[in-house]
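Read the structure below first, then the notes.
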Amino acid sequence: MQKTYPLLSQINSPDDLRLLPKDKLQPLCDELRAYLLESVSQTSGHLASGLGVVELTVALHYVYQTPFDQLIWDVGHQAYPHKILTGRRDQMHTIRQKDGLHPFPWREESPFDVLSVGHSSTSISAGLGIAVAAEKENAGRKTVCVIGDGAITAGMAFEAINHAGSIHTDMLVILNDNEMSISENVGALNNHLARLFTGSLYGTLREGGKKLLSGIPSIKEFVRKTEEHVKGFVSPVGTMFETLGFNYIGPIDGHDIEELISTLKNMRNMSGPQFLHIKTKKGKGYTPAEQDPIGFHGVPKFDHTSGKLPQTKSVPTYSNIFGDWLCEMAERDPKIIGITPAMREGSGMVEFSKRFPQQYFDVAIAEQHAVTFGAGLAIAGYKPVVAIYSSFLQRAYDQLIHDVAIQNLPVIFAIDRAGIVGADGQTHQGAFDLSFMRCVPNMTIMCPSDENEMRQMLYTAYTMNSPVAVRYPRGNAQGVELQPMQALEIGKGKVLKQGEKVAILNFGALLNEAKQVAETHNYTLVDMRFAKPLDEALIAELADRHELLVTLEENALQGGAGSAVNEYLQHIGKIKPLLMLGIPDFFIPQATQAESYADLGLDAKGIEQKILSMK
């Protein structure tokens, strides 16, 4: 490694980084970018975001005394360079793997990871709490939050900015704006103004002038407006953050290491809430990622010398099946509306967005708004379909109850990534949606076992006049033939195999695992289809005819489908041995989906062993 990366091989902590002379920092950035590309291409992971913040990461650790100073990364997709510089360089080949490095900043992994993250827009709220604590303790530590131009659109981020500005706490928020490339002329002007507005002389005059002119409101107001006009001339968005109580600087070139260091050194000594706006290019330094930052956001293993990502498998994903269904329905009904909170690609809605732009809404990272926006459309007689990941629906729970379910509005929730998701770990597992939706009145919840059933359930939801959730897993579908769509009978399961002694009640896409066990031991196998309402008559019949009932689901056992079956059996007074298989009471770490199923006993082998242990 020393031969290929002579500078990076010397950096085992930010302390080593701070020993480098400034003229070595850009060569270090070049090595860091090359190493990041090499390691991610060999292991899979998030690439384009990290490539875009190499200079920023180096500058932050060079200027700030991390981990004494607190550095917080929002979401964490961009934190790979941070991990490399903070003692985890030689472990990068394990990232997102079982027992390897966590895919996001993780408190248990390193003292440099101040906040465990994975979902967006949390950094400023947590950073403000940390900054307030530092002030109360007179610790002298600084707090820096790095947030992207996508994450800052969320309401939570602006709630935190509004609060921070109102209490005037010392902290720095850095907006990593990678939406468009930097204009050379505007970038140069902004770099100059950044040095001016963050310089010690300007800071002294600014604060001193406020005191001197405090008794002369008209002059004080003139000076304030003049300063804002100069800043607004370059970046009108700056006046918004100034209005919220922040001292806004920027935008500046986020790939100019010298300018970043100069600006950050000045800002480190400024008091009150500071806002630095930097412009970066996602995928910087790797042409394929620069040209296709969305495609190279999260990548599988690939040949970085060719820049070609491997072709997807022939079997479509559940997300693709959903997108195709949405297009098919939009051809029939102009009142069907597709809604996504900034997950167009992940939710399979690219084709729909192109073919039906008037029926497609990307509301940005705003899950709460997405749900209530759908409620409004439903009130007006439209058929809204909210396509959302299970773990992100958690952020809109009040809206699901207050704005949709209480009013019994026909909003369809297409819940992607339900169950075990794999390499993204604890923050992204879809483990809780059955539990938190099942207790909500007026909700209908369906759990398809394959893509054909998924289509039938989505169509069934379309025909209903009440809120409906269809939950389906991450990854490739089963490859079954798609049948013409028809509405299912609500709350009715389907006996797939009649056996004896043991009945397996399957909820969702683990059906094939259950089928292997049922065929080996001649057990009864049931595709329950509906988690709410349950097929109560079928459950009672199965309880009468079998010695053991087994429920199988990709959801937390507490409050899930198995709990629903148990509650019903208790309600009718049938005391029957019941084995509930699902996700236990802990957060599931990163691994492949297959590894997690095996660890949790949700593959065929684990299901079989648990059933046999009950007999």
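Counting starts with 1 at the first residue shown.
Quick reminder: no glycine exception, Cβ is built from N, Cα and C everywhere.
Because the structure is a prediction, the values reported are computed rather than measured.
Under the three-state DSSP scheme, Gly150 (thiamine diphosphate binding site) falls in the coil class. The feature thiamine diphosphate binding site is assigned by Swiss-Prot to His77, Gly118, His119, Ser120, Gly150, Ala151, Asn178, Tyr286, Glu367, with sequence analysis given as support.
Per Swiss-Prot, the feature Mg(2+) binding site maps to Asp149, Asn178; the stated evidence is sequence analysis. Cβ contacts within 10 Å of Asp149 (Mg(2+) binding site), excluding its own Cβ and spanning all protein chains shown: 15.
Same-chain residues at least 6 positions away in sequence with a Cβ under 8 Å from that of Glu367 (thiamine diphosphate binding site) are, in sequence order, Pro341, Ile388, Phe392, Leu393, Arg395, Ala396, Gln399.
Counting other CB atoms no more than 10 Å from each candidate's CB, the binding-site residues His119, Gly150 peak at His119. Listed in sequence order, His46, Ser49, Gly50, Phe104, His297, Gly298 are the same-chain residues at least 6 apart in sequence whose CB falls under 8 Å from the CB of His77 (thiamine diphosphate binding site). Taking CA atoms as the reference points, Asn178 (thiamine diphosphate binding site) and Asp149 (Mg(2+) binding site) are 7 Å apart.
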